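J.: Please find one structure pasted underneath; my questions will follow.
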Amino acid sequence: MSLALCAARRLVRGALKPAAKKLDFCCEMARPSSNMADFREVFAKAKHIAIITGAGVSAESGVPTFRGAGGLWRKWQAQELATPGAFARNPSRVWEFYHYRREVMLSKHPNAAHIAIAECEKRLRKQGRSVVVITQNIDELHRKAGTKHLLEIHGSLFKTRCTNCGNVTANYKSPICPALAGKGWRHSCQNYNAEDGCHGLLRPHVVWFGEALDPDVLSEVEKELELCDLCLVVRMFVLLCEAAVSVVRGVPVAEFNTEALPFHFQGPCGSTLPPALARHESEIIA
């Protein structure tokens, strides 16, 4: 396994633990400037930009993060419901939780950060440059904003997967089925392409705690991070930022966060990203 893939796995799982060597490495790197004008010069020269986004981006749209001591849904810790074991014990309860999350998202909209990223991608594509968004978020706000090159490493709230045949289907219905307007739901797969039908139990197409990530998605993440010549890390936890830096060693990394770190653009990404990704004076618009 390559160093990049190993670090990418840690990054997308959110499982990186603090280590003295990692902190030393970060301190020994060439110090990226937090001056916006300096960043803009680097941005203007970049051909392949990777933007890694975390839960904080969606939080600025009012999306609950369900993290920490306050991460309760009804009387359950949200993270206790996001496991294969919880689904095996009570699929109806888990589906109620994800139905609630889907319904919440119907009232949420992309914020200025989502829009700035999507507009940047569209503009740079016309110049022969590329932008890829690698997100831990499952709410599809990036897609809603217009992002095309999107890697959703933890899946999507708006897709289901059959536990029997593995068929993945997009579903934007509200509610996803009539039964969820009530207490619970156990719905079968309608993959009629399978021989004699399937009718396996459907689950949310998301990565739960304790589950492996999709190897195909991991390969795409590795490829994009090896290709990029500029990486933006937006609203992620401190340790995940360190993981991102280790993945793209030797590439300029800019962080847009609310916490004060050695190298960062501090503040809400809805305020800091738009000017960072706006058209540079050197760009030629066709």
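Using the three backbone atoms N, Cα and C, a Cβ is placed for every residue, glycine included.
Dumping what TrEMBL says about this protein:
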| type | residues | note |
| --- | --- | --- |
| ACT_SITE | His154 | active site, proton acceptor |
| BINDING | 54-73, 136-139, Cys269 | NAD(+) binding site |
| BINDING | Tyr98, Arg101 | substrate binding site |
| BINDING | Cys162, Cys165, Cys177, Cys198 | Zn(2+) binding site |
| DOMAIN | 29-283 | domain 'Deacetylase sirtuin-type' |
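Context for these features, please: burial, neighbours, distances.
T.: Reduced to three states, the DSSP call for His154 (active site, proton acceptor) is coil.
Other Cβ atoms within 10 Å of the Cβ of Ser58 (NAD(+) binding site), summed over all protein chains shown, number 27.
Within 10 Å of the C-beta atom of Tyr98 (substrate binding site) sit 22 other C-beta atoms, taking all shown protein chains into account. Secondary structure at Tyr98 (substrate binding site), taken from DSSP and collapsed to helix, strand or coil, is helix.
The DSSP secondary structure for Cys177 (Zn(2+) binding site) is coil.
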J.: Within 10 Å of the Cβ of Cys177 (Zn(2+) binding site), how many other Cβ atoms are there?
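T.: That number is 14.
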J.: Would you mind ranking the binding-site residues Cys162, Cys165, Cys198, Cys269 by how many other Cβ atoms sit within 10 Å of each Cβ and giving me the lowest?
T.: Cys165
J.: Spatially, which candidate from the binding-site residues Ser58, Gly62, Arg101 is nearest to Cys177 (Zn(2+) binding site), comparing Cα atoms?
T.: Arg101
